[in-house]
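Copied from Swiss-Prot, the annotated features are:
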type	residues	note
TRANSMEM	8-28	transmembrane segment
TRANSMEM	63-83	transmembrane segment
DOMAIN	101-305	domain 'VWFA'
TRANSMEM	171-191	transmembrane segment
TRANSMEM	317-337	transmembrane segment
Amino acid sequence: MKNLIEVLMLTFNEPLYLFLLVIFPLIIYFNHFLKNRGGKIKFPISLYGNFNSLKLKDYRLNLMYFFTYSFLYLAAMVMVFALAGPSVSKKKMIHLSAGADIVIVLDISPSMGAVEFSSKNRLEFSKELIRGFISQRENDNIGLVAFAKDASIVVPITTDREFFNKKLDDIYIMDLGNGSALGLGISIALSHLKHSEALKRSIVVLTDGVVNSDEIXKDQVINLAQGLNVKIYSIGIGSSEEFSVEFKLRSGKFYQGSFKEVYDPSMLVEISNKTGGLFYSVNDDFSFQFAIQDFSKKENLERKIKIAVDNKDIYKEFLVLAFCLLLVYFIFSKIFLKEIL
């Protein structure tokens, strides 16, 4: 994936000429605001129609006089900018290196309702860390697979973070039944990485390690991942303790109770080790965040950026603008004000 960022900048080849601009406030003050100067100057004026004999008040005369000469001052200032040699620089930053393709496999079985992380259940805390994880990997395509008794692709690999987060928020425990088919979830993730052309392809599994309804053996998963050169990183969430369980179903029904599991991460360890990934055992907030951060470091791609700069001189445009301003000045001074220079 190539990202293109364009930046436009206005630069000057001879910037010292810009110091001439400081004299214009002095000229304007001397001609129009200094006592007994421009504010008191009399000049002939005539109006069209039946108003030729109408005598305007001094302040209206002075206002029209200043308004007319403002075009002359603007024209002169634009000429100074033209002398300074203005140019537009278009800087293009092209990311040549492609991002990684990552599929997150998320357990949404009932045991993920165990409350042990900052008063949140395992699923809600996992969602929170996933959001932080994807926000740090701007150039990566990231997908999401959820599994329980069944498994399903929730988000195809994409760079659309808003869409990803929306679908992530819409996941509920037991959406896919009461069970834990880890092998099926990983197999679906692998099928979506099969035709990926990314330099790095990996899967991140977040589960409490309880597998009780799987139709796909771990050896099948390992062989498929090895054949596709996909690394599988596993984050085992849990321990062999009793936890309170709190979660809400999509229907709005709320479950609350206790849960004791037999935590056995051996399957996760074997899958990760044989596919070139790593296994992380998580039992508190700190270790959970460390696992995500460590994965980000190991699967980080070195970014190659090409910078192309295109300069275009625009002094001619400034001269045209100055000419137009002078033309307006002469129209006002010669036709509307009937001033004789």
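Each Cβ is built from the backbone N, Cα and C atoms, and glycine gets one as well.
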Query: Taking contact to mean three or more C-beta pairs under 8 angstroms, with sequence separation of 6 or more, is the transmembrane segment (317-337) in contact with the transmembrane segment (63-83)?
result: yes
Per the Cβ under 8 Å criterion, with at least 6 residues separating them from its ends, the transmembrane segment (8-28) contacts 73, 76-77, 80-81, 83-91, 311, 313
Restricted to the domain 'VWFA' (101-305), the mean pLDDT of the model is 86
